[in-house]
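Novice: TrEMBL feature annotations, pasted as is:
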DOMAIN    2-116  domain 'Response regulatory'
MOD_RES   ASP51  4-aspartylphosphate
DOMAIN    125-223  domain 'OmpR/PhoB-type'
DNA_BIND  125-223  DNA-binding region
Amino acid sequence: MKILIIEDSSALRRSLAVGFNNLGFSTDEAENGNEGLTLALDNDYDIIILDLMLPGIDGMTILNKLRQTGIETRIIILSAKTQSQDRIDGLMQGADDYVTKPFSFDELHARVVAISRRCQAVSITNTIEIDGFLLDLNKRTLFYGNNDLELTPNEFKIIDYLFTHRGQILTASMISDNITNNFDYISKNTIEVHISSMRKKAKNIEAVLPIKNKRGFGYYVES
């Protein structure tokens with residue numbers, strides 16, 4: 001299990017990382033909001049531990065941005081804000097748990113395990129197979145045989161959108177809206193870069209990605 005720890009206190013951040021590493025977890029760390037948001041957008045994590053009061057971008061803004069862009073990673077808020085309304089606001093904005101400071105590491109670990117257990121309990125097999133490629137929507141992974149293509153979050157969103165709308169031509173604008181949840185705009189050139197990257201990853205394992213381009217219209221996967 002991989003955890004992202006976004007916390008500006010170096011002592012607390014390091015102690016959490018060491019504690020989780022000793023228990024067999026993999027961790028990444030961010031000391032400010034800008035770094036934390038970048039890591040959360042560019043990588044796949046099982047859980048994000050998020051402080052609210054951060055230098056740069058604050059934790060609540062990070063939470064909103066991640067949910068608005070469709071990232072469903074489980075998020076545990078850490079905060080010195082102990083009022084009931086603060087906890088309500090965090091949970092209503094999309095956090096999965098809210099832990100007030102000070103707290104014990106054992107309690108935080110127990111909450112991480114509990115969230116992981118709930119996720120496994122509700123998980124169902126949800127896959128799409130096209131031309132030898134297997135898209136696992138639960139694991140957010142694209143396989144070809146036993147090979148994991150190791151897609152970035154945006155690459156996965158593109159292939160997910162195209163596979164689930166097999167046979168339909170999707171314009172660059174439609175793909176952009178799906179990636180950003182209408183929160184931002186991604187250019188056609190950027191989308192082409194993502195698709196080109198996926199094609200190269202497929203070629204490296206001697207496979208051909210089934211995404212086609214109808215010039216002047218958009219992209220599609222044959223039905």
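Just so you know, glycine gets a Cβ as well, placed from its N, Cα and C.
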Novice: Please give the average pLDDT for the DNA-binding region (125-223) in this predicted model.
Specialist: 88
Novice: Using DSSP and collapsing to three states, where does ASP51 (4-aspartylphosphate) fall: helix, strand or coil?
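Specialist: Looking at the DSSP assignment, ASP51 (4-aspartylphosphate) belongs to a strand.
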Novice: From the DSSP assignment alone, can you count helix, strand and coil residues within the domain 'OmpR/PhoB-type' (125-223)?
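Specialist: Residue counts for the domain 'OmpR/PhoB-type' (125-223) by secondary structure: 38 helix, 23 strand, 38 coil.
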Novice: For a quick check of packing: other C-beta atoms within 10 Å of the C-beta of ASP51 (4-aspartylphosphate), how many?
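Specialist: If we count other Cβ atoms within 10 Å of ASP51 (4-aspartylphosphate), we arrive at 24.
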Novice: Helix, strand, coil residue numbers for the domain 'Response regulatory' (2-116) per DSSP?
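Specialist: Helix/strand/coil tally for the domain 'Response regulatory' (2-116): 54 helix, 25 strand, 36 coil.
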